[in-house]
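Contents: one structure, followed by commentary.
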């Protein structure tokens, strides 16, 4: 303890109010001794202040601690960087526990590291632990170490780091640039601004996690049909930790009183790939017996083969007078049928949500992606880029990476990198999206990639991104796409005073986005990830909707023309369409304008999904409630988009994800006092952000219902792409793309 300074009184005062488990080490002293430890740290480890302060944190290590993970921490400290690892640590009494440790440096304004903050989260019951190592070859459906870093550690680390920064007299957010290196899902600087870091979309793994049911998922394509996912409720019921469950067959729940005939029925159903509901006596880890109304349901792939088995457990045990005796079954037949129905409904919900997570079982899941140049589509008939690429393909047989020269990186998303590339020997530029095949398979994102590829191949619209070709190597996929000089609408928004646009400009962008969404719905697609980051600005200034990996592609649309008479789609008044005969539907001219004014094009997908996907601030209430959702989620997101473009923030954003969700579900819509917005615009937003999906504008007749709203009066829908955009990027501008361009590309806005 000699020579180790006591923690500053201000540090102790500030940190004492935090209930998290963490320590603070002094980076200016040899061996980085601990100068502060929270009460939570003492409680978790069993050590006292005299045994902790002045020592390095390595006293928590033991025989099972992985030296490779320890080396990651040492390397990060040496470089002054952040890192996040999962370590097997030991309490003072020798009890091992899994510790999700996140180390974050605190830097002074001159860039010198003064402190290291180490946040610990006991994830023993949540992590997969050694399941991967002990059951080699068992691919887990959800990688929990990554999920815990993103969903549990991130907010705790933010709380502690900001508190230490304040105590150190450092402007909050100074450490964040370094902290972004840690795999916590937080990218870019923290701050108080609504868009201080990119909003990462929630994926299909979140769907499974959020299903509030007692269930597990097994993979029949692997020997002995091992469990690859177990819900928290399943772990609570059985008393097992996730590490003890993953990679094992479900038979460990059987015991002395389990009926062998019932077990044989389950085995036969697995062999046949059929659905089954039975009542079986199971046992918890502690040996307590319980009646389990067990439903087994196959989740099939596109070929009809069972890709996963969902096992739903419903505890139907009556209160037993003696915990030592097996419970007696005394339910009536009607009660038993009701419980069985409950399990079957839950299994159906889970299977539906899982559809998007089933990666192809073929040896090469990427075989469906063609390497040839896409067919030339009508809206690109005169595109010089198509012509140049076709000539190269005819000359060399196929497109190769050698045909392109990398100019610079445009951005990095959740599943890949985007580079600006130039075709060798020409001035033609493209955006190349690169994905690591192995990472996509490891993270269960193959289905997402295939969905995006299929949608890009199918669409042809002036307000949607264009895919020219896909180049495959042994390790990577490269999507060669149309390059947009203006970058993201997100960048334009951030470059404006107070991060907001003029109402007439918002109307222009909203009308083009609405038209793009209408086209996607016409093809049976639900977009599901609308936000400024996914709206690109073409060199002409018009929008291009991009990123379709979270879209729902299993719906279908049967377009029909319906006579509306005197009652219109919006607000009970007849839609006011321009005199052009094609302006209402965006289609070709047929018949007189007078005739078409009395008809409406209905083209909404008959789609019903349960996946929990999208960006949290833009999620519709029905997505959060897991009640199943359809195309109306896109109209909710359109309302959020219009609100954000006008006010510079989203209406329901909270400090935490769960707070945001709570606001979306329960809080009323409130408009800021500034800037002044027209009554028609506020009315449109209110009607789009109706929490009852059945009453939401657009839920009855789709996009035309929204187009007929008074706020869009005067928009010539048929000639949108020929109108002058509010901002036209300079093609010679060096600030070529992505949100990294700042405001440099928007000087002429």
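Even glycines carry a Cβ here, placed using N, Cα and C.
In Swiss-Prot, the feature region 'Disordered' is placed on 729-749, out of the ranges 708-728, 729-749. Feature annotation (Swiss-Prot): of 563-591, 592-620, 621-649, 650-678, the stretch labelled region 'Disordered' is 563-591. Within the list 57, 216, the entry that Swiss-Prot describes as S-4a-FMN cysteine is 57. It is 412, among the recorded positions 57, 410, 412, 418, whose Cβ has the fewest other Cβ atoms within 10 Å in the structure shown. Around residue 529 (active site, proton acceptor), a 10 Å sphere centred on its CB holds 23 further CB atoms from the protein chains shown. Straight-line distance linking the Cα atoms of residue 57 (S-4a-FMN cysteine) and residue 529 (active site, proton acceptor), rounded to a whole number, equals 43 Å. In the three-state DSSP classification, residue 57 (S-4a-FMN cysteine) falls within a helix. Taken together, the residues in the domain 'PAS 2' (200-273) have a mean pLDDT of 80 on the 0 to 100 scale.
Annotation for residue 416 (ATP binding site): spatial neighbours 433, 434, 435, 436, criterion Cβ-Cβ under 8 Å with sequence separation of six or more.
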